[in-house]
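A.B. asks: What follows is a single structure, and I will ask about it in a moment.
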């Protein structure tokens, strides 16, 4: 990982079998869209998210039925589970009792001190962290009265207020988010938060929109934040299938060199020289490599003259021409293949290289 694009001196916090912060890799999160009390549907969606590359998943816990479902859900999934709690501290206690890995609350809206203390004590006993979720759209009244409207300073003040509540109870396994739907506000809030405290930061642009618009908005905002070395976990919030959130998050992290085990596709824009159906081929290959957990780079290019040289960093690739294609590795042509079989030949080569990479990774783990 490139240290230039990684926030250092961040307090490490355990979430299930993962460690957030410190010098650990940035983690991708998402949230289910199912009713949490529907265990079968929720587990099915979580498994889809996990297959797509989600590393932590959050579920809404609006009532007792949802809280009671936590234990059954936990038994059937492999990634850490987070409970999203508002107002009722008893739901947090039930979720903790059910084996939840992290609780997302705002201590200030849980109620009197004894209620917050009950949640903190239960979390402390189980070694469960608490995420303080600051949102520009739901800042406390006294902060809005002080600043007049949601500001980055107001959001940081809110975060510090909630942090102090937990610290006064000798609780320090804290993660903080500073979400806003306004991109510039979110960027400023995260920058100021990173200077104000050393707890891990969960990144997000809230209510960013539909698949297309939300992807652009999230990439603009979160990309600016990531470029400053800020962020320890991340969720892309979209009005879409949550699997799409994970796909966008993976691509965003790959763009900054922050996803060590993810396949990357290199493909050229179309032009008048192209003799193959580049767009459909690129989409097919992208889908094929989307679940690979190795850092393979694959190229799909339309020009057999310049293609291999332009994608010399690719582990494997094809460059199309009329009726045939060039299969190349690291910029050097391996062989010519007929157009009708070049995608299948590329997939075979991808499988071989991916298997080699996975084997090497396993050997490195055993040697450590």
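Glycine is treated like the rest: Cβ placed from N, Cα and C.
Relevant sequence annotations retrieved from Swiss-Prot are reproduced here:
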BINDING   268, 271, 303, 310  [4Fe-4S] cluster binding site
A.B. asks: Which entry in the list of binding-site residues, 268, 271, 303, has its Cβ near the fewest other Cβ atoms, using 10 Å as the limit?
C.D. replies: 271
A.B. asks: Reduced to three states, what secondary structure does DSSP give residue 271 ([4Fe-4S] cluster binding site)?
C.D. replies: coil
A.B. asks: Looking only at DSSP and grouping its letters into three states, which state does residue 303 ([4Fe-4S] cluster binding site) belong to?
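C.D. replies: DSSP assigns residue 303 ([4Fe-4S] cluster binding site) to coil.
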